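Accompanying notes for the structure given below.
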């Protein structure tokens with residue numbers, strides 16, 4: 001049975017809409033782990049290859065009603081109004097994974113730590129995470145506790161997204177947050193390392209999942225970090241801080257939170273996958289400062305995409321409302337996600353030395369597809385980029 005926070009929220013669900021399941025050979029399970037209620041703890045949803053389990057249910061996409069309030073705060077709209085709208089549009093959707101299904105022990109799996117974007121939370125990228133798990137990865141989607149998410153539950157007190165205070169400098173806040181986010185990704189890795197080594201970890205959430213079944217099932221020599229937007233910046237900060245991560249995949253990265261001084265300390269390969277409509281010259285210039293003659297840094301842009309082409313929202317709204325809310329681009333969202341996932345898988349195989357067939361998609365890493373642009377569609381001048389020219393306010397306008 002699903003826990004209290006997984007109880008379905010009533011809503012409207014079209015038969016033609018839904019989060020696509022993974023396309024790989026493995027069925028996908030998921031479970032939540034919270035270690036310690038404090039900010040020193042860790043909270044993530046684990047996606048993993050699972051055994052068939054007829055009794056397992058698929059959990060709700062939105063874990064509880066409070067997340068609607070957090071999304072409303074991020075978008076700066078009335079909570080009561082937003083709750084009704086979000087509940088109607090999204091309340092009944094479920095993610096493409098079986099809740100607490102038995103872990104499939106089948107050798108050792110590579111690990112991906114996933115970082116969500118600003119105003120998001122651990123379940124909003126289930127299409128990406130489920131696809132990776134279906135291909136034989138274990139994926140930990142971290143819920144960040146830096147007040148950049150829609151909410152986070154500490155000691156049963158909901159921690160909502162925090163906007164800038166009057167007179168507060170954005171870079172200072174966001175840089176502190178990205179450092180905390182990176183530490184949280186590293187903490188999730190350390191906890192999974194303990195579980196993999198057979199140590200008992202106390203889950204403060206009600207759970208029937210057998211975490212000990214992961215013992216000796218993770219290949220931590222094959223670990224990557226992946227994220228979207230603010231999560232893309234988190235990828236770069238995390239790579240700088242922890243060399244256990246062998247490579248990173250950064251989706252439509254928001255570079256503003258990062259100090260450029262860290263760039264020379266990032267030694268691992270990075271794949272930047274950008275949308276066509278979100279990026280701007282200053283941001284691309286900062287990405288290009290990570291270019292290296294000796295370390296593979298790749299960039300591709302998916303034609304017809306918007307910033308919200310990466311989270312699950314793009315699959316859960318019809319064309320009209322999706323275009324109005326900028327949750328859909330001109331490209332079919334399934335095609336866009338397929339290109340992004342295949343390029344990511346090819347890159348992960350290359351740099352984690354996986355014995356898979358993902359190298360069939362190697363051309364996508366170089367932008368070789370009619371729906372891809374090698375590099376960027378943005379015309380970049382040679383002048384110095386403004387340091388922090390793209391604010392959260394402008395990011396929110398991407399949603400409104």
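Here the Cβ of each residue, glycine as well, is placed from N, Cα and C on the backbone.
From a predicted model like this one, the values you see are computed outputs, not experimental measurements.
TrEMBL lists 229 with the feature active site, nucleophile. Residue 229 (active site, nucleophile) has a Cβ environment of 26 other Cβ atoms inside 10 Å. Look at residue 229 (active site, nucleophile): DSSP puts it in coil.
Look at residue 252 (active site, charge relay system): DSSP puts it in coil. According to TrEMBL, the active site, charge relay system annotation covers 252 (among others).
Under the heading active site, charge relay system, TrEMBL lists 307 (among others). Packing around residue 307 (active site, charge relay system) is summarised by its Cβ count: 24 other Cβ atoms lie within 10 angstroms of its Cβ, all protein chains included.
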Alpha-carbon spacing, residue 229 (active site, nucleophile) to residue 252 (active site, charge relay system), which is rounded to whole Å: 5
Protein Cβ atoms within 10 Å of residue 252 (active site, charge relay system), excluding its own: 28
DSSP three-state assignment (helix, strand or coil) for residue 307 (active site, charge relay system): helix
Cα distance (Å, whole number) from residue 307 (active site, charge relay system) to residue 252 (active site, charge relay system): 7
